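Pulled from TrEMBL:
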ACT_SITE  H102  active site, tele-AMP-histidine intermediate
DOMAIN    7-118  domain 'HIT'
MOTIF     100-104  motif 'Histidine triad motif'
Amino acid sequence: MTHDDCIFCRILKGEAQADFLYRDDDLAAFWDTRPAAPVHILIVPNKHIASINEADDEDAELLGKLILKARDLAKEVGVDEKGYRLVFNVGKDGGQTVYHIHLHLIAGTKLPIFRHIQ
């Protein structure tokens with residue numbers, strides 16, 4: 001996949017629509033268009049990195065910033081006290097469908113506990 005084919009790269013370049021909650025020189029956050037819960041936000045680095053498996057040591061600060069921004073957004077949308085889930089899907093079997101690192105912030109309902117995944 002080229003960066004031109006990446007929906008998140010297109011969103012970040014303004015070529016596709018998104019409802020942004022946050023944006024800076026390093027990352028952006030926007031509402032998921034197919035939410036898995038009442039609150040479903042995607043936090044995406046501006047730098048195209050296909051997955052966690054392709055991240056370099058130099059990306060550590062950026063990845064840390066994604067997580068801390070998710071924490072801040074959870075507070076901003078009012079789910080920090082009740083709880084939320086942060087998820088990176090990695091690879092096909094991990095459920096990754098867009099090959100541009102993105103962190104899911106999922107909340108707004110009682111989420112099931114992972115017990116036995118088959």
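Using the three backbone atoms N, Cα and C, a Cβ is placed for every residue, glycine included.
Worth saying up front: this structure is predicted, and the values here are computed from it rather than measured.
Counted with DSSP, the motif 'Histidine triad motif' (100-104) comes out as 0 helix, 2 strand, 3 coil.
The predicted model assigns the domain 'HIT' (7-118) a mean pLDDT of 94.
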